[in-house]
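J.: I'd like to ask you about the structure that follows.
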Amino acid sequence: HLLQFNKMLKFETRKNAVPFYAFGCYCGWGGQRRPKDATDRCCFVHDCCYEKVTKCNTKWDFYRYSLKSGYITCGKGTWCKEQICECDRVAAECLRRSLSTYKNEYMFYPDSRCREPSETC
């Protein structure tokens, strides 16, 4: 669920989702072409993860998880809920690891500047 993913982002990065909204070619709604940097690659991998669970309601399905001792742990639920949670958990952790290379120049990056050939998941 988008609100849950936002909480995971805050937990991992100590930032809200705004710095990652419309970042590069993949962060935010949709995605195209080649990721611009490590942060954008996290979003690319997140999109790829969601593509593997296309039959699930990735944006709106609530799942169980906990934030304890510096870790995100996904809880039990339906197959879809567990998979969505794992996609979000892995992405939040990836975005934390990429913070040191975050480039403000890619924030609110226009889609028209995403020109390099696409990568496949």
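Cβ atoms are placed via backbone N, Cα and C, with glycine included.
According to Swiss-Prot, the active site annotation covers His46, Asp88, on the basis of similarity to another entry. Annotation comment: Swiss-Prot describes Tyr26, Gly28, Gly30, Asp47 as Ca(2+) binding site. Swiss-Prot lists Cys25-Cys114, Cys27-Cys43, Cys42-Cys94, Cys48-Cys121, Cys49-Cys87, Cys56-Cys80, Cys74-Cys85 with the feature disulfide bond, giving similarity to another entry as the kind of evidence.
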J.: Across all protein chains in the structure, which of the disulfide-bonded residues Cys25, Cys48, Cys87, Cys114 has the highest Cβ count within 10 Å?
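T.: Sorting the candidates by Cβ neighbours within 10 Å, the top entry is Cys25.
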J.: Name the one residue among Cys56, Cys74, Cys94, Cys121 whose Cα is closest in three-dimensional space to that of Cys43 (disulfide bond); these are the disulfide-bonded residues.
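T.: Nearest candidate: Cys94.
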J.: Give the sequence-ordered set of same-chain residues, not counting Tyr26, Gly28, Gly30, Asp47, with Cβ within 8 Å of the centre of the Cβ atoms defining the Ca(2+) site.
T.: Cys25, Cys27, Trp29, Gly31, Gln32, Cys43, Phe44
J.: Restricting to the recorded positions Cys25, Gly28, His46, Cys56, Cys114, Cys121, which ones have a CA within 10 Å of the CA of Cys87 (disulfide bond)?
T.: His46
J.: Which recorded positions from the set Tyr26, Gly28, Gly30, Asp88 come within 10 angstroms of Cys121 (disulfide bond), judged by C-alpha positions?
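T.: The recorded positions passing the 10 Å Cα test: none.
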J.: Could you state the CA-to-CA distance between Asp47 (Ca(2+) binding site) and Cys80 (disulfide bond) to the nearest Å?
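T.: About 15 Å separate the Cα atoms of these two residues.
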J.: When you measure from the Cβ of Cys49 (disulfide bond), which residues in the chain that are at least 6 apart have a Cβ under 8 Å away?
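T.: Listed in sequence order: Gln83, Glu86, Cys87, Val90, Ala91.
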J.: Could you tell me which three-state DSSP class Cys121 (disulfide bond) falls into?
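T.: Once the DSSP labels are grouped into three classes, Cys121 (disulfide bond) ends up as coil.
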J.: Want to know which recorded positions, from Gly28, Gly30, Asp88, are within 10 Å of Cys48 (disulfide bond) at Cα; which are they?
T.: none
J.: If we check Cα distances from Cys74 (disulfide bond), which of the recorded positions Tyr26, Gly28, Cys80 wins as closest?
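T.: Going through Tyr26, Gly28, Cys80 one by one, the Cα closest to that of Cys74 (disulfide bond) is Cys80.
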J.: Indicate the candidate from Cys43, Cys56 with the smallest number of other Cβ atoms within 10 Å of its Cβ, considering only these disulfide-bonded residues.
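T.: Candidates: the disulfide-bonded residues Cys43, Cys56. Fewest Cβ atoms within 10 Å: Cys56.
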J.: Tell me the Cβ neighbour count for Cys42 (disulfide bond), meaning other Cβ atoms within 10 Å of its Cβ, over all protein chains shown.
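T.: Result for Cys42 (disulfide bond): 25 other Cβ atoms within 10 Å.
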J.: Cα-Cα separation of His46 (active site) and Gly28 (Ca(2+) binding site), in Å?
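T.: Cα of His46 (active site) to Cα of Gly28 (Ca(2+) binding site) measures 11 Å after rounding.
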